[in-house]
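Q: Sequence annotations record features per position, and here Swiss-Prot assigns active site, proton acceptor to Asp386. Sequence annotations record features per position, and here Swiss-Prot assigns ATP binding site to Leu273, Gly274, Gln275, Gly276, Cys277, Phe278, Gly279, Glu280, Val281, Lys295 based on sequence analysis. The annotation compositional bias 'Basic and acidic residues' is assigned in Swiss-Prot to 7-25. Marked as domain 'SH3' by Swiss-Prot: 81-142. The feature domain 'SH2' is assigned by Swiss-Prot to 148-245. Taken from Swiss-Prot, the feature domain 'Protein kinase' applies to 267-520. Residues annotated as N-myristoyl glycine in Swiss-Prot, with similarity to another entry given as evidence: Gly2. Summarising the annotation, Swiss-Prot assigns phosphotyrosine to Tyr416 and lists similarity to another entry as the type of evidence. According to Swiss-Prot, the region 'Disordered' annotation covers 1-58.
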Amino acid sequence: MGSSKSKPKDPSQRRRSLEPPDSTHHGGFPASQTPNKTAAPDTHRTPSRSFGTVATEPKLFGGFNTSDTVTSPQRAGALAGGVTTFVALYDYESRTETDLSFKKGERLQIVNNTEGDWWLAHSLTTGQTGYIPSNYVAPSDSIQAEEWYFGKITRRESERLLLNPENPRGTFLVRESETTKGAYCLSVSDFDNARGLNVKHYKIRKLDSGGFYITSRTQFSSLQQLVAYYSKHADGLCHRLTNVCPTSKPQTQGLAKDAWEIPRESLRLEVKLGQGCFGEVWMGTWNGTTRVAIKTLKPGTMSPEAFLQEAQVMKKLRHEKLVRLYAVVSEEPIYIVTEYMSKGSLLDFLKGEMGKYLRLPQLVDMAAQIASGMAYVERMNYVHRDLRAANILVGENLVCKVADFGLARLIEDNEYTARQGAKFPIKWTAPEAALYGRFTIKSDVWSFGILLTELTTKGRVPYPGMVNREVLDQVERGYRMPCPPECPESLHDLMCQCWRKDPEERPTFEYLQAFLEDYFTSTEPTAVHMATDPGKYTTAHKSRARVSSNTAVARPAAPVRVLLKPSV
């Protein structure tokens, strides 16, 4: 599969220390427009920094790439206001002869940005010109260029990043407020014996004069000044700001400019990860530079023409909880090239060594991530058709992403298209889809309910002891799986909502996402986060809930610090 030799990659995690870390560390879980390639070495530098500059500390994350780890802030967008000078947020090593390698902190002159995800740029440092991924840069001297600014990420995603046990107290980020347009939020990690590792959220308000404040007695002309101040003084916060929240390089939008239908010879299959009825999955390398996952389909599995048409739709689906489709080999045998997820399928992960250490908070969080990806599919009026743990992929930090969306519709195998053959996933399929072929987002909701049983049972096959024909008959008669062992009733109630006979009575994925993200949330700031219905929670379940988050308002410094009730 191609003779090109892979360049060794050493991706770095973005961890910065604004000041020496707190000793308390809590463990736990005129530019030429002709692109020319610069021969930059594949290394990472670690410059010293103060606020507004850039630094990085090398750290391997998953062994290959970091696209499957945590959500990276979405900073760059279309050029506005005539801005053409950008700063690099990450190192980037060129993948093709027309790419431009650059280092974090490098200033780049954008020649044009009409190419969408890949812009033609001229490095003011090296003098080289080439294409760059637009989401790796931000306008110079802008708030987007600050490493602590994470832009439009959700409260829940900020908590997922900050609750990494490796983060010391005071690890922080600044994000857009979800509830107040034009406002920001400072999210800070904290620790105490009552709640364990938790996150506090402080609303940053804007002055009419253009300044910012958390408490009105201490005002700042810029967010940079605010962050610099609270890095030295807690002054009512739960802790002074210590480290910028670590994150990783984002995925590029595609492998390179114009790299969609690629030659088979550009791929090297290296490690077989698994196989199924219709093909195999490999870890491999594209163009000798880029780690990818490659799904190979057996000839005859689906029409190449139909697949290519569907793939054009699939590549437009972009969400942090969907596995990114990078490229295709459209002649048989069809190859589907996606981002590589280091931990493999959720099903294998649950049944493997790591599965035994997963507790309810982690399982619910994984379910919430899947629901988030499917809520996006729902908004885009798309249907997955084969939602189950085997089609969810896991990366570092328990990041989960939905894979293989839409492919089931294209399979031409008779044992599959009959919908009752051995290859068809009857146990995950809604009755109206299995019996009449009515696949909708609501049949995906049914499948999500089955997936919840896979999570709570660590990968057990649904409907244990029953064959496919029996499952179909019993479900039509009203049978639903009972509550799995050690699963709270409130979660089983959610499963049963997903399994309502009338598809229109099933919840939306938007609802499922909100329910699961708030599953351990309490309205009182001092309470450990419990289930939506705490009365249905057992003592054993309560003992597992050791993480929480609050929105807090800083008060004037006093002998005893007081945190008000969370903001809505």
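Placement of Cβ uses the backbone N, Cα and C atoms for every residue, glycine included.
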Q: Just jot down the residues in the same chain as Val281 (ATP binding site), at least 6 apart in sequence, with C-beta under 8 A of its C-beta; none if empty.
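A: Sequence-distant Cβ neighbours: Lys272, Leu273, Gly274, Gln275, Ala293, Ile294, Lys295, Thr296.
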Q: Could you measure between the residue listed as 'active site, proton acceptor' and Gly279 (ATP binding site) for me? Cα positions, answer in whole angstrom.
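A: That comes out at 16 Å between the alpha carbons.
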Q: Please list the DSSP helix, strand and coil residue counts for the domain 'SH2' (148-245).
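A: Each residue of the domain 'SH2' (148-245) counted once, the result is 16 helix, 35 strand, 47 coil.
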Q: Just to be sure I understand the packing, how many Cβ atoms besides its own are within 10 Å of the Cβ of Gln275 (ATP binding site)?
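A: The Cβ of Gln275 (ATP binding site) has 12 Cβ neighbours within 10 Å.
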Q: What are the helix, strand and coil residue counts for the domain 'SH3' (81-142) according to DSSP?
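A: Summed over the domain 'SH3' (81-142), the classes give 3 helix, 27 strand, 32 coil.
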Q: For the domain 'SH2' (148-245), provide the mean pLDDT of the predicted model.
A: 92
Q: Return the residue, from the listed recorded positions Leu273, Gly279, Asp386, with the maximum count of other C-beta atoms within 10 angstroms of its C-beta.
A: Asp386
